[in-house]
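Noted in Swiss-Prot for the protein shown:
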- 6-26: transmembrane segment (TRANSMEM)
- 65-85: transmembrane segment (TRANSMEM)
- 136-156: transmembrane segment (TRANSMEM)
- 179-199: transmembrane segment (TRANSMEM)
- 283-303: transmembrane segment (TRANSMEM)
- 314-334: transmembrane segment (TRANSMEM)
- 367-387: transmembrane segment (TRANSMEM)
- 419-439: transmembrane segment (TRANSMEM)
- 458-478: transmembrane segment (TRANSMEM)
- 523-543: transmembrane segment (TRANSMEM)
- 566-586: transmembrane segment (TRANSMEM)
Amino acid sequence: MTTQSIILLAVFLLVLLVLAYPLGTYLAKVGGTAPIRGLGWLARFEQFLYRMAGSNAQTEMSWKGYAIALLVFNVLGTFFVYAVQRMQAWLPLNPQAFGNVSPDSSFNTAVSFVANTNWQGYGGESTMSYLTQMLALSGQNFFSAATGIAVIYALIRGFSHRSVKSIGNFWVDLTRSTLYVLLPLSVIVAVVLMSQGVIQNFSSYKDVALIDPITYQQPKVGTDGQPVVDDKGAPVLETLTAKTQTIAMGPVASQEAIKMLGTNGGGFFNANSAHPYENPTAFSNLVEMLAIFLIPAALCFTFGRMVGDMRQGWAILGAMTLLFVVLTAVVMGAEQQAHPGLAALGVDQGASLMQAGGNMEGKETRFGISASTLFAAVTTAASCGAVNAMHDSFTPLGGMIPTVLMQLGEVVFGGVGTGLYGMLVFAILAVFIAGLMIGRTPEYLGKKIQAYEMKMASLVILVTPCLVLLGTAIAVVLDPGKAGILNPGAHGFSEVLYAFTSAANNNGSAFAGLSANTPFYNVMLAIAMWFGRFAVIVPVLAIAGSLAAKKRLEVNAGTMPTHGPLFIALLVGTVLLVGVLNYVPALALGPVVEHLQLFK
């Protein structure tokens, strides 16, 4: 690591802490039912929405009722996003006259945005109209994030409630999370981004003349905006000569704000946050990284306030930060190192006043290695998936760390709501292991952890590894899966592993060398995204319901403290052992082998 990397990481974490603490207090109020001081006008609008929807905000739900409402809402959202894409050509706000999106790509995209994954097999500026981007995709950026916040509110109530059968009202949690948190923060972040040069307009695309014509090859695109493939599934290339360049326009800033705050990650442009119209300056880059971590970090303090012990929130935040700092240091160091192949040729790759040094392939010069690697660590730790550099161009070890951050279960800060409830499931597992070692019935926050909670926690922990490993195995065995692998050997395997890791853990970033916009990958990855999201949420809600029905025991001399360094170490160890061990053989076949091949 360079001095610049260390300072950048330290400043980022310090600013994050300063912003997250007061937001966490505010989020605890949003998670309650009482009006918030100074926002009476918004409370009246909230009540108006309930009346319009015919919903009784005072009705509490059991965990099953909560889960059913959540699933119905998200299934309807999936159908809506799919329908908008399939009818795009006949809808307004389509100045480029884009055609309807293909059925398999529409299905993949609908599931992706509803599941808070935002995996994109398409290029946004060449496929989606302004209406599709704003109404369907940006709308789900809000709703999927609000769903995650609702689930963590329900789980926290499971710990704080005593001997009740309810865990809250899904419609209230969804509405309040959107009105009081996501919308106001998005307006603020969008204005800041516009001040840095992020565009916000409804203009048609601009054609500008090039100084010199350029001849190039690219995959041929059909009338539906999807690549044309031959009988073997390989893309058909066409040779083109360009005399002008088309510069895409659009309402970018409004989508960029919620894309980051909601840990969604789906870019308006194909280049995502590497595009200068999405992320033009070093300051906008810092703002976007802070936006990704802001709500996940704040929810740790929300957790502490709602359970009545701020030390619990600090302990969870400490475990997350420890894992994040260590893994970020590794990826920064890996990308700053000289490439052995170039070193053998005598190429100077050292950092100096004249050059960044290290591996600059796939990185924007306006960001450099430090800001690019920190962004990569942030976006994969937080299940966001936005990128300001191409992860496929990272070194083998540099690319492995983002993969590992996702494979930990997206609990290192994680997504909005999802990161904290994932880490709390690991905390339940940690106290269970500790209870076995000392021969006591395990407790967490005064609630006994018994067989039912452990069964549900086991489901939460095992669902995603099964989806990742099974999906990867199928893809590298079947011909349609192998047809999308453009890079042979270990790196090609890493691309497939990364794709299913990203999909099942609801991240959405990719090793872009994989041709994933095919019926095979669109369907397979959609399945991984759907079950990676909702097959985890339902057991979490079951845990919440079970805990809420239990009495809260008083602390005594035999109670294991869950707020000190010992518990943090136990929690980190549990995350590493359970999270990483599932994937060691797969990682050995991919990035580890590729790293060793550098020294041949």
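In case you wondered, yes, glycine gets a Cβ from its N, Cα and C as well.
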>> Using Cβ atoms and a strict cutoff of less than 8 Å, what residues sit near the transmembrane segment (458-478) while being 6 or more residues removed from its termini?
In response: 407, 409, 422, 425-426, 429, 484-485, 493, 496-497, 499-501, 503-505, 520-521, 524-525, 527-528, 531-532, 535-536, 539-540, 578, 582-583, 586
> So which of 136-156, 419-439, 523-543 is most in touch with the transmembrane segment (179-199), counting Cβ pairs under 8 Å?
Replying inline: 136-156
> Considering only Cβ pairs under 8 Å, which range in 6-26, 65-85, 136-156, 523-543, 566-586 makes the most contacts with the transmembrane segment (367-387)?
Replying inline: 6-26
>> Considering only Cβ pairs within less than 8 angstroms, which of the stretches 6-26, 136-156, 419-439 has the most against the transmembrane segment (523-543)?
In response: 136-156
> Apart from its near flanks, which chain residues at least 6 from the ends of the transmembrane segment (419-439) lie with a Cβ under 8 angstroms of it?
Replying inline: 151-152, 155, 296, 299-300, 303, 316, 319-320, 382-383, 409-413, 449, 453-454, 457, 460-461, 536, 540, 543, 560, 562, 567, 570-571, 573-575, 578
> By Cβ distance under 8 Å, which residues at least 6 away from the ends of the transmembrane segment (566-586) in the same chain are close to it?
Replying inline: 315-316, 318-319, 322-323, 404, 407-409, 411, 423, 426-427, 429-430, 433-434, 461, 465, 468-469, 472, 497, 501, 560
> With pairs 6 or more apart in sequence, are the transmembrane segment (314-334) and the transmembrane segment (65-85) linked by at least 3 Cβ pairs under 8 Å?
Replying inline: no
